[in-house]
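Student: TrEMBL lists these features:
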type	residues	note
BINDING	Arg191, Arg493	substrate binding site
BINDING	Glu207, Asn209, Glu410	Mg(2+) binding site
BINDING	Glu207, Lys352, 406-415, Tyr417, 442-445, Glu468, Lys495, Glu501	ATP binding site
DOMAIN	284-348	domain 'Glutathione synthase substrate-binding'
Amino acid sequence: MGSGCSSLSYSSSTCIATAFSISSSSSSSSLKLNPISFRFQTPTNLRNQAPLRCGRSLAMESQKPMFDVEKFDDEFVQKLVYDALVWSSLHGLVVGDRAYQKSGKVPGVGMTHAPIALLPTPFPETYWKQACEVAPIFNELVDRVSLDGKFIQDSLSRTKKADIFTSRLLDIHSKMLESNKKEDIRLGLHRSDYMLDEETKSLLQIEMNTISSSFSGLGRLVSELHQSLLRSYGDQLGLDSERVPKNASTSQFADAMAKAWLEYNNPRAVIMVVVQPEERNMKTLAEVEKEGRVQEDGTLTVGGQAVAVVYFRSGYSPNDYPSESEWNARLLIEESSAVKCPSIAYHLTGTKKIQQELAKPGVLERFLDSKEDISKLRKCFAGLWSLDDPEIIKKAIEKPELFVMKPQREGGGNNIYGDDVRENLLRLQKEGEEENAAYILMQRIFPKVSEMFLVRDGVHHKDQSISELGIYGAYLRNKERVIINEQSGYLMRTKVSSSNEGGVAAGFAVLDSIYLN
């Protein structure tokens with residue numbers, strides 16, 4: 001949740017979303033840059049627009065053998081790489097080059113292709129269907145959990161004592177509960193991440209991202225890149241471009257934000273993206289604190305401009321709150337009537353501890369009525385345990401390679417693996433039980449290892465790799481009326497199998513797509 005580039009653009013250090021506005025001139029919408037935020041002149045075609053889908057499922061023939069990279073000669077691979085890099089440059093599959101000083105500060109300067117897999121990763125159609133099918137159920141679950149303030153506060157009460165960052169988020173949530181603040185319009189742009197466990201042959205959920213669900217834009221472009229390569233080289237590869245599912249993640253996320261703006265019903269208001277420092281065209285939390293006000297009617301204004309929707313590309317990490325200014329801004333936004341993506345309740349619903357609580361027997365029944373839906377979600381749950389379970393702690397110390405230790409953090413580079421699990425559990429036993437609440441234990445998933453070509457900085461290399469599938473979901477509700485609840489495209493990330501972490505922006509993984517088999 002929160003690692004990697006946003007769905008909209010790039011930066012040299014983190015990633016950046018480009019602000020734009022939509023105007024309805026004649027029959028089509030046009031885009032123009034706005035240096036502060038999204039501004040909409042009401043597009044008449046949005047209210048009746050048919051929802052887009054995650055990607056069509058294909059009727060598969062009997063499974064065909066996939067490509068064998070060992071049989072590729074170097075000249076053919078070099079041609080594939082060259083064409084992939086040209087396509088990336090022409091279609092915006094690019095990120096800021098961190099080695100270039102002006103990157104992210106001067107538009108169009110210091111760009112490089114995004115790290116990519118050269119060809120799509122094979123993925124069984126059955127599990128693809130399963131992941132897409134449960135996306136709307138997870139969307140609904142997040143919304144219902146967010147409305148149960150007592151469950152959120154109780155579930156995170158011990159974590160609050162051990163984790164200062166979670167404690168500050170809970171303080172804001174508590175203030176909203178005390179003031180009886182209601183979020184009538186609720187917008188969720190989520191991503192549920194999975195791995196296909198080779199041992200159990202199960203699709204298991206890694207986490208549910210409810211804030212800054214990254215890469216919906218670049219992920220779509222990688223799908224299109226692979227479709228283009230297979231159209232050109234499908235005969236040589238023995239692959240069909242139609243088996244790479246269409247990926248409408250960018251347009252579906254943009255559509256959800258536009259519809260949230262329409263529901264807010266203020267044609268002069270804007271959509272504001274909150275970003276990390278050193279990015280262009282947006283507002284940081286510190287700038288919001290300096291320029292923001294909540295009017296008597298609840299309207300959030302920033303620099304005198306009314307804000308309809310706030311999209312958080314920042315705010316998921318303690319590093320995003322270096323001073324009280326950032327915390328003041330987060331509270332200010334939450335106190336306003338602006339649509340938040342996510343609200344503080346949605347944000348907390350995506351924490352590791354809530355994920356672990358929802359996996360307990362009988363807890364899903366508190367929020368969902370359909371036994372069939374509950375069964376579908378439970379099939380996706382990996383083993384999740386709190387650190388107050390002495391039996392599981394003993395097992396994890398004895399066999400740490402079978403577990404992942406997770407703190408309440410989002411973004412890459414935070415999880416604990418291998419012998420470090422044992423060492424940290426032994427350390428916590430000495431320090432006392434209170435610190436245990438800052439972590440959960442999760443079953444380690446062992447996906448299939450495949451040999452793939454990975455391309456970074458213009459150089460390709462062949463390596464043993466594993467992949468992680470993310471399914472986007474969009475949810476929009478105004479009081480009792482559900483406006484959007486759908487799967488909204490996908491993201492595949494592939495990394496070398498020897499790496500524990502998987503963040504693309506952190507340098508561990510590359511962007512990929514799937515080939516249904």
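Keep in mind that glycine also has a Cβ here, set from the backbone N, Cα and C atoms.
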Student: Can you tell me how the residues of the domain 'Glutathione synthase substrate-binding' (284-348) break down into helix, strand and coil by DSSP?
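Tutor: Final tally across the stretch: 27 helix, 18 strand, 20 coil.
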Student: Out of Arg191, Glu207, Asn209, Arg493, point to the one nearest Pro407 (ATP binding site) in space (Cα versus Cα); all of them are binding-site residues in the record.
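Tutor: Spatially nearest to Pro407 (ATP binding site) by Cα position is Glu207.
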Student: How many Å lie between the Cα of Glu207 (Mg(2+) binding site) and the Cα of Arg191 (substrate binding site)?
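Tutor: So the alpha carbons of Glu207 (Mg(2+) binding site) and Arg191 (substrate binding site) sit roughly 8 Å from each other.
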Student: Sort out the sequence-distant neighbours of Arg444 (ATP binding site) for me: same chain, 6+ apart, CB within less than 8 Å of its CB, listed by position.
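Tutor: Non-local contacts for Arg444 (ATP binding site): Glu401, Leu402, Phe403, Val404, Tyr417.
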Student: Determine the Cβ neighbour count for Glu207 (Mg(2+) binding site): the number of other Cβ atoms within 10 Å of its Cβ.
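Tutor: Result for Glu207 (Mg(2+) binding site): 19 other Cβ atoms within 10 Å.
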Student: Whole-number Å distance between the CA of Glu410 (Mg(2+) binding site) and the CA of Arg191 (substrate binding site)?
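Tutor: Glu410 (Mg(2+) binding site) to Arg191 (substrate binding site), Cα-Cα distance: 13 Å.
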Student: Tyr417 (ATP binding site) has how many other Cβ neighbours within 10 Å of its own Cβ?
Tutor: 14
Student: Among the binding-site residues Arg191, Asn209, Pro407, Arg493, Lys495, which residue has the fewest other Cβ atoms within 10 Å of its own Cβ?
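Tutor: Lowest Cβ count within 10 Å among the binding-site residues (Arg191, Asn209, Pro407, Arg493, Lys495) is Pro407.
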Student: For the domain 'Glutathione synthase substrate-binding' (284-348), what is the mean per-residue pLDDT, to the nearest integer?
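Tutor: Average per-residue pLDDT within the domain 'Glutathione synthase substrate-binding' (284-348): 96.
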